[in-house]
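K.L.:
Take a look at the following structure, please.
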Amino acid sequence: MMRNKDKSQEEDSSLHSNASSRSASEEVSGSDSGSQSESEQGSEPGSGHGSESNSSSESSESQSESESESAGSKSQPVLPEAKEKPASKKERIADVKKMWEEYPDVYGVRRSNRSRQEPSRFNVKEEASSGSESGSPKRRGQRQLKKQEKWKQDPSEDEQEQGTSAESEAEQKKGKARRPVPRRTVPKPQVKKQPKIQRGKRKKQESSDDDDDDDEAPKRQTRRRAAKNVSYKEDDDFETDSDDLIEMTGEGGDEQQDNSETIEKVLDSRLGKKGATGASTTVYAVEANGDPSDDFDTEREEGEVQYLIKWKGWSYIHSTWESEDSLQQQKVKGLKKLENFKKKEDEVKQWLGKVSPEDVEYFSCQQELASELNKQYQIVERVIAVKTSKSTLGQTDFPAHSRKPAPSNEPEYLCKWMGLPYSECSWEDEALIGKKFQNCIDSFHSRNNSKTIPTRECKALKQRPRFVALKKQPAYLGGESLELRDYQLEGLNWLAHSWCKSNSVILADEMGLGKTIQTISFLSYLFHQHQLYGPFLIVVPLSTLTSWQREFEIWAPEINVVVYIGDLMSRNTIREYEWIHSQTKRLKFNALITTYEILLKDKTVLGSINWAFLGVDEAHRLKNDDSLLYKTLIDFKSNHRLLITGTPLQNSLKELWSLLHFIMPEKFEFWEDFEEDHGKGRENGYQSLHKVLEPFLLRRVKKDVEKSLPAKVEQILRVEMSALQKQYYKWILTRNYKALAKGTRGSTSGFLNIVMELKKCCNHCYLIKAPEDSERESGQEVLQSLIRSSGKLILLDKLLTRLRERGNRVLIFSQMVRMLDILAEYLTIKHYPFQRLDGSIKGEIRKQALDHFNADGSEDFCFLLSTRAGGLGINLASADTVVIFDSDWNPQNDLQAQARAHRIGQKKQVNIYRLVTKGTVEEEIIERAKKKMVLDHLVIQRMDTTGRTVLENNSGRSNSNPFNKEELTAILKFGAEDLFKEIEGEESEPQEMDIDEILRLAETRENEVSTSATDELLSQFKVANFATMEDEEELEERPHKDWDEIIPEEQRKKVEEEERQKELEEIYMLPRIRSSTKKAQTNDSDSDTESKRQAQRSSASESETDDSDDDKKPKRRGRPRSVRKDLVEGFTDAEIRRFIKAYKKFGLPLERLECIARDAELVDKSVADLKRLGELIHNSCVSAMQEYEEQLKESTSEGKGPGKRRGPTIKISGVQVNVKSIIQHEEEFEMLHKSIPVDPEEKKKYCLTCRVKAAHFDVEWGVEDDSRLLLGIYEHGYGNWELIKTDPELKLTDKILPVETDKKPQGKQLQTRVDYLLKLLRKGLEKKGTVASGEEAKLKKRKPRVKKENKAPRLKDEHGLEPASPRHSDNPSEEGEVKDDGLEKSPTKKKQKKKENKENKEKPVSSRKDREGDKERKKSKDKKEKVKGGDGKSSSKSKRSQGPVHITAGSEPVPIGEDEDDDLDQETFSICKERMRPVKKALKQLDKPDKGLSVQEQLEHTRNCLLKIGDRIAECLKAYSDQEHIKLWRRNLWIFVSKFTEFDARKLHKLYKMAHKKRSQEEEEQKKKDDSLGGKKPFRPEASGSSRDSLISQSHTSHNLHPQKPHLPASHGPQMHGHPRDNYSHPNKRHFSNADRGDWQRERKFNYGGGNSAPWGGDRHHQYEQHWYKDHHYGDRRHMDAHRSGSYRPNNMSRKRPYEQYNSDRDHRGHRDYYDRHHHDSKRRRSDDFRPQNYHQQDFRRMSDHRPTMGYHGQGPSDHYRSFHTDKLGEYKQPMPSLHTALSDPRSPPSQKSPHDSKSPLDHRSPLERSLEQKNNPDYNWNVRKT
């Protein structure tokens, strides 16, 4: 201990001297050197202090050594290598931390208001004493005193937990699973982000109660982002500027010695005896020594509130009762969890005070269930490993709690706890678990030493023995207590006989006959009789898995069964400890039970084993031989196969063949042959088939084999609707009159929706309209209104009363979970005890509910079930009555429901009551379903000598709706006419009727003559009956009236009037107006404000229709393109969603359908179906994209809503699909697909050829690992890291997803790495594809600009490509892009550029570019002929100038600004903040117009703010003469502005330019008017468009080259200082309606306005601008005047959306004219010069129709924007101060300032003089505006 202390002090003294130098080097080398990686925190034994914390997880060696130490002497001598390593940052910061804790204000740390629970964490004195008792918590002390044992504490808590406020469940799982490992306090810094990591640390240290998840925050950020995406609308108090960060130095290692535990969960609370807390309250301590709280008397002594705490890193068995005091004394972490628990308890108490006793009872039952579960978690289910401190097991990931003295041979066992997954295992002392769970230890040892383990040498596998029948049940089956029934023994004999004959078979007994037991008996027979010890693989659905496990324990306890399920860590644990004997490498288990899903996930592992037996439960999932599950399983190596299914045939003969082909592929090889032999065309087909099937299929039904099984009687109880139901029913029909009137022209889905609404109405009114929450006087009133709202409930109420008296037990089934809620409420009020099971009730709780109901002497009267819940494996034979509250579309589901009660073991007659509402759709559905189900549903018939077998070739309808449109129309009309005959408001209540009378009149069906779709039903029909039934049904179809005859006209009109009123209300709802502007956001995730707005909008519309969420959809004409539901038949919406998600993970997805099916868990779908869906998605997206682009040609109004941002969307069935994201992902992974060789051998040798940068992971990582990672992505899909890790061929098991969650690479790092590698791949492929064409293009494009070459070094590759990733690039060149010199790129180059753009999608933020690009491409293609005539002066822009670049090791230089997103680092942000301070008010108001302004006023407000801001930016840019600086700072300042609004920088800049342009135009108009009134117009040659482009976009030239003469309007700001073509990394989100599209259309056609064709800041033109100046120094005059105007007016045209007026709309004219104006031709004289003088007025006519003669007249922002004339000079109270004062920011580079800064902004000289000066001087003065 002392040595350790000395060491710390020594370090402390030496550290201060060299801290600064070390910090510098560490910041750079930290990631790769490991000097400050997580290894310091204990994951490496040699890392100094890491080893002091007794980690059990580093390796079992270090673990066992550490275990042997006593708590008093925890630290070990520091290893010498620790001294050599540079000390970690942690070792340099303890002193400062202490200061920081004590004097937070000194360091500017904002203290959270929450109380700090553990100030002592930085208490050097206490921590210096390392492991001494003074530092250990009280609870540990108590434990040590009580048990005289040293408890090993869990080091993961030493420094990891800074509180655990709201730990995510997933993290809990992982955290619990690998307790000692995750040390996340000091994540490994990422090289580029040092300051940010620091801030992360600071923030974490500020709050003791933060979740330990937070510690991962920095780790989660991908390297891609240079800075956080923050909104700067208001400064966050919690944020710290980079200036505030301090370098922290000081003694390290202290944190590691903090012994405090961490709360993982608070399980319960109680009032207990004071001081009765801590170790003495654990379950085992109480059992040994009694409960310290036993003698506590609440009346005599004062108690304290105590909480049952589950500790992090300890299993549930170690949970202790603690009071708040005891927790605070121990300085535990995670007290936030306790706060949350207390808060929740208070809420529950308040709630319990308000609700009825029944609710209280229900709540306490729930609590009891939960505490039962917690108790279960304290039971050891299985011991899976053992270790002693001497014999270790290698790396171990589980918590260990050794309390043993120095070296000892006492073993510890790794325990799997009941009800918890394998990932929750923990090491426990033998002394502890031996007391209660000795049997688990014994069975572990017997398993370990067992000789009955699988061997390939088993004789029976090679040569099957002769069959000997079992005359009676063998002793090894079920012992003495369990007996097989006769037919089960017969089944066992049949299975054994088939095995001896080498026939794989299908066991197809009816549900409830014990197929599970027969299968287990058969395996036990192989095990005992033939010494075949496995391995047996049994694949089962999740719902039956526990019953399989349970039956194995009962019937065959000698067989070692492993249940292989759970998350990755659980499965890894199973493979590590339960799989093979480490010495012999032979399998440990005999049988493995797993689910279909896990089988597919781990098919590589499971498929590598030779199975002696393969059994598939619910094998009808294999009916589709084209499905992935089928294809995967059929490839498994197995010696014998058994399919277990109660329903071997559904729909068609082919399904039966699929099953037969699976078990005996040699015998049933081809479907065509099978069909030919046994097709229905042959008269004796079925008899011959019967003979063929006999050896392979065994089918018994209950009534044949179990004579003792009582009868099943079904009664249909028809009930009247209540008056309220009738009203609702009529209202639904009337409201949907239009849809109904369409008849067969209507949509099936529309009809189905109406039928569903009506079915809901038949069940209960509350399903249509929930009751108002009135203050309920009594439970009785609630009960009455509940019952009166449904005719069925009136009847059920009477029925249940009768059944309760008779002592029956009832199952109530409903399809609708909300109906179950209503029934649960009813049962609660009636005080009937019940259980409930629906899809939301999971796993253990479900099992408990079933056990509770089936238990002997159970009080439960009812069991509520959803018809589809729980699969077929639920046994509720203790019930004798089934109530089917509402029938399913598919009667088969109802039959399964009945069978849950009517099963073997049932001793009473089973009564089934089916409730049907008279005269409604429900009654008609049941009648029709009865007729149809023979053909459409489950049709297998028992195999008997009669040969009556129903085998239809038609596939039947497998979807949930068995009816077509005609039938649905008829169903809807059924009963409606009679209903409408009752006068509205006078609907009759159902007649009171005695329950006995109802039952007497009910239609009764005995099971023998049942017409339900059971096997019994079919045996009553001869095959010949089928065709006639179909005909009869058609003949019986009765004539129906039309809907207009059924629904009275006055009711229809009434509804129409209501709808009209609603529409009018919606039209006048103002909030809708701003929706479009507000929707445009910088990134795709909706902000809070956005969601609030949407909420407001949706509340504005009360519409209940499908369109209610239209606002969230892209604003386009009409609704999203929809793909009809019948085109995706066989897929539910959920399945389609899963398919689409998986579709986006693979390259060329249509060729990878099997992988997609596996990923989407659609393995039982056929490949043909999957292909159909895949092609449907692909084709729909492609055509939607084309349509979208066409639409954009015609109109830009779509640019307003999110459609602009997200591109078009389509609907596949009910699933909305973002077209752009699909196409983007297809393109993204295409490169990978192309680069990976097809040949398997070549694929194994695949290696990346390009140079890659180092990965900086915590494992050795080279280019081979990168290559394997890409192969993994190719094989398993992007993001499926678990599968990649477990694939043995990839050899990445030990490299990725390390167990320690703070070690890299985890998922986030892998994702970043893969994105980077894909980028490199794309670059490599592009280079290959474009060499020749690139050279050619280069030669062509160089010619025009030989005169002037940019000085900056050229950093592009030889094809003119930016080195930046195309996915990041700001300027993805598009296919067919027309350059300004008129040369179109060569086709190859086009293709390559297109690829570049395609791939340009790494971040969702930047992914919007691409559609822009597509539009540009279309436009430019259309117009390329016209453009080709352009002059060489407008030379090629394919090469952009190079400014400052990032030089990154291992990759090419990236120009700054090209590869960065819209974010600023802290320093830049501060500079921008200072510079924009003068317009602070405008910034704040930009997004917050005053309430109550009209749309027009809002527009003006925003425009004014933008003009002020833009002018200010222009002013700031005058400080620079260097082009690159201007470009950079323009970008930065606009990005800064974008933080105040939801638009991105590019959009704002564009809007500003439009507003500016408009202002200039209006000033020009005004000037012309003034001129025409007051004198001759001076000569002003107008610049050609090209010159104007160059001029305006070149910021090193003045943005206002000509001074204003006194009589000219003053120029305001930078005269559109960014060219309209300025490129931004995101496409501009335009927000203009049709009315505004003119100018923009033209811009798009010529790659002009705001498109993607130029880099940010207008550098498209800088290569040739000086050349231009030479000849055209006058050229900009007229043009600039056109933009110089200070006055602008609101347009009188009514607009819907705020930003429309920014668009400069001109009349459409010939393209040549337009081109002339914008593309300079030095040889031609401008046609504009010959145009009439009023041409411009005409030109901009659409912008504004009425222009006042003078100035602005107060309509605009302020006086600042008036026209400036000499006579008005006095109004300018003072000129703007010189730029030196305006930009006094110390950080702005003085060297960049213009030499003319000091000149007066209103320096008036003659235009000639001024222009001559311009010509000679490149640094022009900008005219400064007053803002």
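Every residue gets a Cβ built from N, Cα and C, even glycine.
A quick note: this is a predicted structure, and the numbers were derived from the prediction, not measured.
Not my notes, these are from Swiss-Prot:
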COMPBIAS  1-14  compositional bias 'Basic and acidic residues'
COMPBIAS  81-101  compositional bias 'Basic and acidic residues'
COMPBIAS  146-155  compositional bias 'Basic and acidic residues'
COMPBIAS  175-204  compositional bias 'Basic residues'
MOD_RES   S207  phosphoserine
MOD_RES   S208  phosphoserine
COMPBIAS  234-258  compositional bias 'Acidic residues'
MOD_RES   T240  phosphothreonine
MOD_RES   S242  phosphoserine
DOMAIN    261-353  domain 'Chromo 1'
DOMAIN    378-456  domain 'Chromo 2'
DOMAIN    496-666  domain 'Helicase ATP-binding'
BINDING   D509, E510, M511, G512, L513, G514, K515, T516  ATP binding site
DOMAIN    795-946  domain 'Helicase C-terminal'
COMPBIAS  1037-1065  compositional bias 'Basic and acidic residues'
MOD_RES   S1085  phosphoserine
MOD_RES   S1087  phosphoserine
COMPBIAS  1347-1371  compositional bias 'Basic and acidic residues'
MOD_RES   S1365  phosphoserine
MOD_RES   S1386  phosphoserine
COMPBIAS  1584-1601  compositional bias 'Polar residues'
COMPBIAS  1697-1719  compositional bias 'Basic and acidic residues'
COMPBIAS  1738-1748  compositional bias 'Basic and acidic residues'
COMPBIAS  1759-1771  compositional bias 'Basic and acidic residues'
COMPBIAS  1794-1813  compositional bias 'Basic and acidic residues'
MOD_RES   S1806  phosphoserine
K.L.:
Would you count the other C-beta atoms found within 10 angstroms of the C-beta of G514 (ATP binding site) for me?
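P.N.:
Summing over all protein chains shown, G514 (ATP binding site) has 21 other Cβ atoms within 10 Å.
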K.L.:
Counting all other Cβ atoms within 10 Å across every protein chain shown, which of the binding-site residues M511, L513 scores highest?
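P.N.:
Per the Cβ count within 10 Å, the most buried is L513.
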K.L.:
Provide the number of Cβ atoms within 10 Å of the Cβ of E510 (ATP binding site), excluding the reference atom itself.
P.N.:
23
K.L.:
Neighbour count, 10 Å Cβ-Cβ cut-off, for T516 (ATP binding site): what number do you get?
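P.N.:
Its Cβ shell of radius 10 Å holds 21 other Cβ atoms.
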K.L.:
Could you give the number of helix, strand and coil residues in the domain 'Chromo 1' (261-353) as assigned by DSSP?
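P.N.:
Across the domain 'Chromo 1' (261-353), DSSP assigns the residues as follows: 39 helix, 24 strand, 30 coil.
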K.L.:
Mind giving me a neighbour count for G512 (ATP binding site)? Other Cβ atoms within 10 Å of its Cβ, every protein chain shown.
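P.N.:
That number is 22.
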K.L.:
Do you know the mean pLDDT across the domain 'Helicase ATP-binding' (496-666)?
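P.N.:
Computed over the domain 'Helicase ATP-binding' (496-666), the mean pLDDT is 86 on the 0 to 100 scale.
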K.L.:
Give me the count of other Cβ atoms within 10 A of the Cβ belonging to K515 (ATP binding site).
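P.N.:
Summing over all protein chains shown, K515 (ATP binding site) has 22 other Cβ atoms within 10 Å.
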K.L.:
DSSP three-state call for L513 (ATP binding site): helix, strand or coil?
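P.N.:
Where L513 (ATP binding site) sits, the three-state DSSP reduction gives coil.
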K.L.:
Within 10 Å of the Cβ of D509 (ATP binding site), how many other Cβ atoms can be counted across all chains shown?
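P.N.:
Excluding its own Cβ, D509 (ATP binding site) sees 22 Cβ atoms within 10 Å.
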